[in-house]
Every structure is written in structure tokens, then in C-alpha cells.
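S.K.: A single structure is presented below for examination.
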Amino acid sequence: MTAIIELNNLSVQFHQKGRLVTAVKNATLHIEKGDIYGVIGYSGAGKSTLVRTINLLQKPTEGQIVINGEKIFDSENPVKFTGAKLREFRQKIGMIFQHFNLLSEKTVFNNVAFALQHSQIEDKNGKKRYLTKKEKNDKVTELLKLVDLADLSDKYPAQLSGGQKQRVAIARALANDPEILISDEGTSALDPKTTNQILDLLKSLHEKLGITVVLITHEMQVVKEIANKVAVMQNGEIIEQNSLIDIFAQPKEALTKQFIETTSSVNRFIASLSKTELLAQLADDEELIHLDYSGSELEDPVVSDITKKFDVTTNIFYGNVELLQGQPFGSLVLTLKGSSEHRAAAKAYFVERHLKFEVLGKIERTVD
């Protein structure tokens, strides 16, 4: 599929308090049309700075930007991209933010209509003209229905909940039929329930409109809910990027693993083991295993297989299965009991089946 966003070897530098700061360093990111692409990192990682180069709200120092096949920035071969051309380009990229930036003195309806005040369309002769008042009103009405706010059109921002305010911001961001929607920490100010509702809305809009979504966040749970691809940033650099499924199945960087652990109930269970006597109570011929598996592996009776093949017994302490992009991912925490030879054979079987596992409680003495 064709990339709608190409950021090639981008660097962003600026002076702050008398020193040169490199906010983004040699970052390359290609986002395909129709992606929901999560860019995750802690505060100061450079993720917002990077993504704001997409519509040139932040001008890079070095590198190249190509949007929908059009080069809009090239540090080696400068591109003239200013004035009316830049304004028209930016209309095709919607943005929502952590803070909703609504106009307090305007109604919900007029907040959305505000984004249409300079909007133009082509007439049947190919000439551009401004929208009529009726066309603007019809467009706003359509957008408010799309974000489930049709019955709140005459309300003011002060009368709305946080989730409703963000819905207004989303409607406003969609006013000019953008091909790209950027969410810059768009759920950070919301409670968990409202966050899920907004993510469901973004997913629905993505499906209905075919819009490409770029999701900036410091929360892996947000990425996990709706993204199909992920880039992880640290200290201005993209340290890892892949499909959501591959990131969760085979994370390479320590930071990526940390982010994944924040979304995993199995990791919370493992962390709680230190407060129990479970590890101390393991028999001499048993050990505690954490096992991860995904996709077709879930269809195979792995635990049943090892008990039959290798003369070991198991006791499951924890189990969980969840879906990522429609693909199941599972975790087990279980004891493996048997002779050292048989336990070693069972673990070799895990390796043979390409299952990820770790020994949580490893014994020093075995009884054969």
C-alpha cells in the first residue's frame, strides 16, 4: 500500500535558554493510507514535535517530508510551500489536542462552523468558491450527527463534559474532509471510560471515512485499543517500529517492553508474587513458568501435550486471552513439576514450538 505520510531522516533542532536542543534526531517514519499509527513515548521523547512536522506546524532542520506523494519539505532541495498553498494543505490534515481549544463564547454548532469560515469547494466548472451559509450549516449538522452530538448543538463548552468537548473538537477537525487526522494526546485529559468512548469514536470514523489516523500518546493501552502500527520514541529517536501484533509478540527494546508491561494483567500478577509465599513453597522438583503464545498457537493443547509427552504435571495459577487486531494473544503462569530431565524436555518443546517463556521460580536443587 502507498505511504500517505513519509518522514525521511528528519531532525528538529531549536535554541532554548542559550543552548541547542535536538528534539528529533534522524527519524524516518512511513505511514500508509488507512493506518491508525500510534507514536508512543514518555514526555520529552519528541513525539509531538515529530508529528507536528507532518503539517509543518513544526519546521524540521534536516530531512524530507512527502505527504500524499507531494514533497512539502526538503532540506537539501528547498521547496516553496507557503501562503495560500500551505493553508490549503493544512485544511486536509485535522488535529485534536489534549486541551480541546474550544471557543467558550460560541455554541457547539458555531465552534464547528468556525472551521468552515474560509472553506472553499470547486463548482461544476472547476472554479473554487466559498461555501454558502446553507452548505456550512448542512455540513455542521452532518458532522455533529457523526460524533453523536446532534442534540447538543446549541450548548456552550462550559455545559459539556470532557468527552463531549473532545467530540466537538473532533467534529471541527473533520470539517474540511481531511485525509489525515492527528490526535496529539487527545485522550490524556479524560477518565478511562471516556477515553474508551473517544477511541471507539476514532475507530468508527476511521472505518466510515477511510481516514488515516496518527495517534500520539504516552499510554500503550491507547495504542493497544485501536492502532495497527506503532513507533516508539526515546530522546528524540524512533527506537522501534512495527505492526502492533509484532510489537507485542516480539518487542526488542527495553522501553517497548516497559510500555507493554503497563497494559498486561499477567505482569501485574507476576509482580504480586513477591508479596506471596508461592515461590518459597515450590517443591524441589517444580518451577514456576510464565508462558506467552499467540495466533494459531492458542488452538494447540500445549499444556496437555507436555503432560502426556514428558511425564510432567502442571498447575495453572493464571491465564488470560485477549484480542489484538483480531488476533488472540494468551498468557499462562503455571507450575511445571517433574524430574529435571523431564522439565528440561518440556521447556525444549516450548522452544521448538516458538513459544516465549521465562522461569519465574528456578530451583537450585532437583530430585531425580
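Note that Cβ sites are derived from N, Cα and C of the backbone, with glycine treated the same way.
From Swiss-Prot, for reference:
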type: DOMAIN; residues: 5-260; note: domain 'ABC transporter'
type: BINDING; residues: Gly41, Tyr42, Ser43, Gly44, Ala45, Gly46, Lys47, Ser48; note: ATP binding site
S.K.: Does DSSP give Ala45 (ATP binding site) helix, strand or coil?
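M.R.: The residue in question, Ala45 (ATP binding site), is coil (DSSP, three-state).
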S.K.: Beyond Gly41, Tyr42, Ser43, Gly44, Ala45, Gly46, Lys47, Ser48, what residues of that chain have CB atoms within 8 A of the centre of the ATP site's CB atoms?
M.R.: His218, Met233, Gln234
S.K.: Give, as a single whole number between 0 and 100, the mean pLDDT over the domain 'ABC transporter' (5-260).
M.R.: 94
S.K.: Which number gives the other C-beta atoms within 10 angstroms of the C-beta of Lys47 (ATP binding site), all protein chains shown included?
M.R.: 30
S.K.: Per 10 Å Cβ neighbour count, which of the binding-site residues Ser43, Ser48 ranks highest?
M.R.: Ser48
S.K.: What's the number of neighbouring CB atoms sitting within 10 A of the CB on Gly44 (ATP binding site)?
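M.R.: Here the count is 13.
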